[in-house]
Amino acid sequence: TNKKLMEHFIFASQVQFRGLFQMILVLGIGGSFPYGFHISVINYPSVHIRKFINETWIERHGSPLHPETIMLLWSFIVSVYGIGGFLGSICCGYLTTKYRKKKCQMCTNLIMLVAALFMAFSKTAKSFEMILVGRFLYGIGTGFSLNIHPQYVGEISPKKLRGFTNSTVAVFLTLGKLTGQVIGLREILGSEALWPWLLASSGLSALVQLVTLPFFPDSPSYLLIQKGNEEACRKAIRKLWGEGDHQAEIDDIMKEKVTMTSTKTLRVLEVIKERSLRWQLYILMTVMTTLQLCGINAIYFYSFEVFHTAKFEEYLIPYVSLGVGLCECLSSILCVSLFRYTYTWFVFCFSFSAGATISIMVEIFSQSFRPSAFLIVGCINWMGLFVLGMIFPLIVVSDSNWIPPSSLQLCPNSKPAQESPRPVRGTAVGLRSNVASKNSGV
């Protein structure tokens with residue numbers, strides 16, 4: 001009898017929150033999914049792109065490029081993604097506050113579509129510069145979406161489902177990487193003739209979100225706190241969570257509105273100048289820098305070079321990379337399911353990688369300092385991605401025996417998001433996503 005009641009409860013919950021699950025899917029497709037996709041997909045056409053750069057140069061100037069120059073151009077194409085993400089991350093906070101998350105996310109989709117057009121027609125136009133521009137625009141787009149997605153998905157979910165919904169950010173990220181690895185195989189879009197369409201295929205996810213997102217509401221907290229429209233807030237809640245008594249959630253949002261008005265949030269420069277935060281900033285920079293140096297990022301960006309240096313047969317390298325991505329995706333989904341059957345602290349302490357990194361970030365800064373501190377984290381992450389993308393090929397060339405250590409997926413942790421007030425929950429979730437991403441290969 002108890003089993004039947006439980007099954008009935010689960011079915012009723014799924015029906016009740018159908019709108020929420022649909023919006024989670026839409027946000028994921030255009031949120032962390034393309035971020036993971038662009039991390040993995042750029043590696044597969046590396047041989048074809050380098051050949052294209054050389055052929056284009058010969059056609060323009062009548063002489064081939066030196067191999068080291070080709071490698072330098074290729075590494076810049078890979079790493080310029082980090083510069084774009086850095087700019088997108090910096091601008092995201094101001095623009096989402098002024099124009100709301102939903103509108104900014106839709107504009108991000110337009111940027112991604114423009115980038116896809118640059119990629120698709122780069123070979124026809126015989127311009128490797130178009131690949132560079134497209135990669136840069138992809139970085140700007142994902143810099144926005146990776147900040148918006150975890151904040152948005154945390155704000156639209158009720159408290160009892162917030163841990164699950166926040167964990168889907170990491171799931172979509174790993175699905176994006178796995179998708180890039182699958183369609184990057186030479187049997188699908190990884191051939192010499194189709195590689196421009198491989199790089200442009202990310203535009204499809206942007207198009208799907210651009211078409212479907214207008215049918216979903218803004219977050220209830222935005223409508224009530226920023227707009228002061230309680231009726232629109234209730235309407236959004238009914239659409240996402242179904243019919244029922246949601247007054248307790250609305251009361252929580254009102255309490256957080258009062259908290260926001262009574263708490264001053266310091267800007268980035270004010271946080272940097274604050275002498276009492278020096279050691280916290282030192283810890284912040286040290287932890288995020290060492291996460292960048294764990295080695296897994298380089299493996300995803302340059303898996304062809306890494307596995308080739310490790311004496312793998314060239315025809316096997318795409319399938320080895322696919323195996324790595326599949327294991328990561330399965331571990332990410334497993335971690336999400338563990339939250340339903342075990343204690344969060346147990347999964348957190350015995351997670352697959354850096355363990356206490358997330359709690360350090362959430363706990364060492366008080367509420368008024370956290371938003372600016374997490375903006376600093378995003379800047380360090382993206383610039384680290386750029387630097388690593390530039391210098392790693394030089395390391396491989398100078399020392400062919402050096403292979404970076406790999407890292408396993410950090411179990412996505414929902415506790416910071418569940419316990420943080422809504423004003424900082426988005427940044428706490430964004431940090432959780434970024435750190436999980438770093439440990440899962442982003």
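The backbone N, Cα and C atoms fix where each Cβ goes, and this holds for glycine too.
Here is what TrEMBL says about this protein:
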TRANSMEM  20-37  transmembrane segment
DOMAIN    24-442  domain 'Major facilitator superfamily (MFS) profile'
TRANSMEM  72-95  transmembrane segment
TRANSMEM  107-125  transmembrane segment
TRANSMEM  131-149  transmembrane segment
TRANSMEM  161-183  transmembrane segment
TRANSMEM  195-216  transmembrane segment
TRANSMEM  281-303  transmembrane segment
TRANSMEM  315-336  transmembrane segment
TRANSMEM  343-362  transmembrane segment
TRANSMEM  374-397  transmembrane segment
Using a cut-off of under 8 Å between C-beta atoms, tell me which stretch among 72-95, 107-125, 195-216, 374-397 contacts the transmembrane segment (131-149) the most. 72-95
Given the transmembrane segment (72-95), which of the listed stretches 20-37, 107-125, 195-216, 374-397 has the most Cβ pairs that are under 8 Å apart from it? 374-397
Are there residues at least six beyond either end of the transmembrane segment (195-216) with Cβ under 8 Å to its Cβ atoms? List them, or say none. 19, 22-23, 26-27, 29-30, 33-34, 37-38, 41-42, 44-45, 48-49, 102, 105-106, 108-110, 112-113, 115-117, 119-124, 131, 134, 138, 141, 183-184, 189, 239-240
For the transmembrane segment (20-37), could you work out the same-chain residues 6 or more beyond its ends whose Cβ comes under 8 Å from its Cβ atoms? 14, 105, 108-109, 112, 138, 141-142, 145-146, 148-150, 152-153, 156-158, 161, 165, 168-180, 202, 205-206, 208-210, 212-213, 216, 240-241, 433, 437, 442
The average per-residue pLDDT within the domain 'Major facilitator superfamily (MFS) profile' (24-442) comes out at 79
